[in-house]
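Database features (Swiss-Prot):
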type: BINDING; residues: GLN86, GLY104, GLU105, GLY106, LYS107, THR108, ASP493; note: ATP binding site
type: BINDING; residues: CYS824, CYS826, CYS835, HIS836; note: Zn(2+) binding site
type: REGION; residues: 793-838; note: region 'Disordered'
Amino acid sequence: MAGILTKIFGDGNQKQLKRLEKQVDLIEQLEPEMEKLEDIDFKNKTEEFKTRYKNGESLNDLLIEVYALVREASKRVLGMRPFRTQLLGAIALHEGNISEMKTGEGKTLASTMPAYLNALTDEGVHIITVNDYLAERDAKDNGLLFDFLGITVGFNHNGLSKDEKREAYLADITYGTNNEFGFDYLRDNMVLYKEQMVQRPLNFAIIDEVDSILIDEARTPLIISGSAKKSAALYQQADGFVRTLNKENDYTYDEKTKGVQLTEEGINKAENYFSIENLFDLDHVSLTHHINQALKAHVSMHRDTDYMVEEDEVVIIDQFTGRKMKGRRYSDGLHQAIEAKEGLQIQNESMTLASITFQNYFRMYNKLSGMTGTAKTEEEEFRNIYNMDVIAIPTNLPIAREDRADLIYKSMEGKFRAVVENIKERYENGQPVLVGTVAVETSELISKLLKRAGVKHEVLNAKNHFREADIIEHAGQRGSVTIATNMAGRGTDIKLGDGVKELGGLAVIGTERHESRRIDNQLRGRSGRQGDPGISQFFLSMEDELMRRFGSDNLKSMMERLGMDDSQPIESKMVSRAVESAQKRVEGNNFDARKTILSYDDVLREQREIIYKQRFEVIDDNSDLREIIENMIQSSIERVVATHTQDSDEENWNLEAIIEYSNGNLFDPDTIHTDDLKDKEANEITELLMKKVKEKYDAKEQELTPEQFREFEKVILLRTVDSKWMDHIDQMDQLRQGIHLRAYGQNDPLREYQMEGFSMFEEMVANIEDEVAKYIMKAQIRENLQRQEVVKNTQAVSGGEDSGKKKTKKPVVKSNTVKRNDPCPCGSGKKYKNCHGQ
């Protein structure tokens, strides 16, 4: 059916490529002209392009000339002439799309053209990679090219000071990891002084390995957290209790959803163990939560698959890359439950101070593009969520790799035996082999079996990823055998050594299907780069997780009926189709989960944007805060007056409450009396109180210099907004955790979350207004001239292994220097030199 439709309407990808091909022809026509340029002319051309852009020409108008210039510069500086296919990919990137370019097709070089073109606007270009090694390598290599063209390059990484970061962001093109860019955005919105901000407005980003960042890590929020004080004892008690349970009677485990819950017998055991009557009483909410997390830690979280223990710490393993995610912690107490399970010291739960998902961070850029070898399977998601088309760029040379059908064995033991035999045979012939595994423990098991078989090999998994680039670089040499977990080592080419092509190229062996077809395709794609020969094949067993979760029981019983032993595999199209449809189902489920998370995160995104915008107004030196603060005080007064003057009969108005509020929160005692408010309308009461507020405000302003009083206003606003916002994030997180229970009451959880989230936000805004009113009118000015962070020690935590280092925020604090003849800040009225300046 799809084939018929393609014939009638044409293939969308082919149409796009035809359009791009016409532009590539025009670029190629300019090659002779560009070859005539002297080296010195290239920098002059850059200035010429910038002037033309400022004079009204668009980047699209300049594209043909610009790409021809960069191509010529690349020939001279790097000794590489971009192929036509790289030009196709480069145009697609400029248009804000995803270029699907296979491994070894030169994505890095293709990215230099749109990066240079968009840098001409002087608004900055960010090139984002999955790790610091790749970012630094590309910044250094491509930096030579950009320097030749008169364009500056920055490398943004974890170890930089604020000033160095600011410098990196001020460069025309900035390289760095997704984590670092996201954290800088959050940290910029926690600074106390505008001068401490490092990022410019987000203009254009090119994301390398875009599927890894926008799909695999889309559900991973970037979090800046501070520690919350909670007792470790309850985790240990819950852990002790869970150890007494047996899986036959006390709990159920759903392997598909990884959900664990107590049975009726388990609940009775819990009530007896903790000497309580009803586990589900409101008084025991915390206990129930701790028991659930302990259950999850013991039943669904597996050591060396989901996490590993290193230096007495629980380190999460990324399920997609197999890398260690140092510094990242499971939320909601699960990490502490695993620490209790492993007998480690339980660390404090953290309180979220600021967070954002990659989905929402990258959607803030004016234009976004990306490149990867595997994106077509997630085309719908890229289009729906990021408004990006996936354009599959043809390879420069035809793919010569042979992708063989899957071999399915009855048991894991039989599968691994066959894998080792296959590797040994190839090893003895000198053919290099890359073995892909899904879990760390599988890579270690195969390593053990290969040692026994006398096969020399390298292992690349979460435990030794620091040697990643080195191991991958040598994986194509004669006689080399490399075991890699989940295609760690993306971004580094496997080049074939001498004589390897004659042996059939690199052999890729998959030991298990991943739940995502894309990850399987990435593994296959390591072989057969740039027209090289190669083979790929997956060895599966009926005991593999994907086969267990979605495979057919009929198949296993058929193998048994036929009397097939472990040495006889099935090579069946039917099984391969069943595996693929299982993968499609999982991908669909994961897409739905990411869409749901985005819908929930959008609620917080809107609120975050409002707060961050207001916060920027506070730290921006040009803003008039008095007007903002007076509006806040007026809102606070109007709320109080409205609450106590609702009755249509004025006799029933509670004027005493208004007086108590006014004298307690705004003025000195006995400032407002009943006679002041009697016989006045509600709006007249508000007007009277606001008149008094302005009088007191004027008087307070006289106590200090205008600069010092503006600083006092900023101190109060920042402290109030930050503390209330952080509490609000925490409350929204708790609301999010429990909202799914509303589905039992036939309510849409998302709709409920939106409504409750909105009312909680309004309540937070009211609390901010009330507190600002109180502090501005009642606080002692001299004690409030130093801006302070609400939480001292903060830590940036995310799904990437590069962000694990603790970062203690040390703001550059401006000192408010008081001149000798200024009024003393203590409020005495004397000159500083005659008071505290002696």
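Each residue, glycine too, has its Cβ placed from N, Cα and C.
In this view, the densest Cβ surroundings among the binding-site residues GLU105, ASP493 belong to GLU105, judged by other Cβ atoms lying within 10 Å. The highest number of surrounding Cβ atoms within 10 Å, among the binding-site residues GLY104, GLY106, is found at GLY104. Taken over all pairs of the listed ATP-binding residues (GLN86, GLY104, GLU105, GLY106, LYS107, THR108, ASP493), the Cα spread reaches a maximum of 16 Å, rounded to the nearest whole number. Neighbour counts of Cβ atoms within 10 Å were compared across the binding-site residues GLN86, THR108; the minimum falls on THR108. In sequence order, MET101, THR103, LEU109, ALA110 are the same-chain residues whose CB sits within 8 A of the CB centroid of GLN86, GLY104, GLU105, GLY106, LYS107, THR108, ASP493, the residues recorded for ATP being left out.
Every protein chain shown contributes to the tally, and the Cβ of LYS107 (ATP binding site) ends up with 25 other Cβ atoms within 10 Å.
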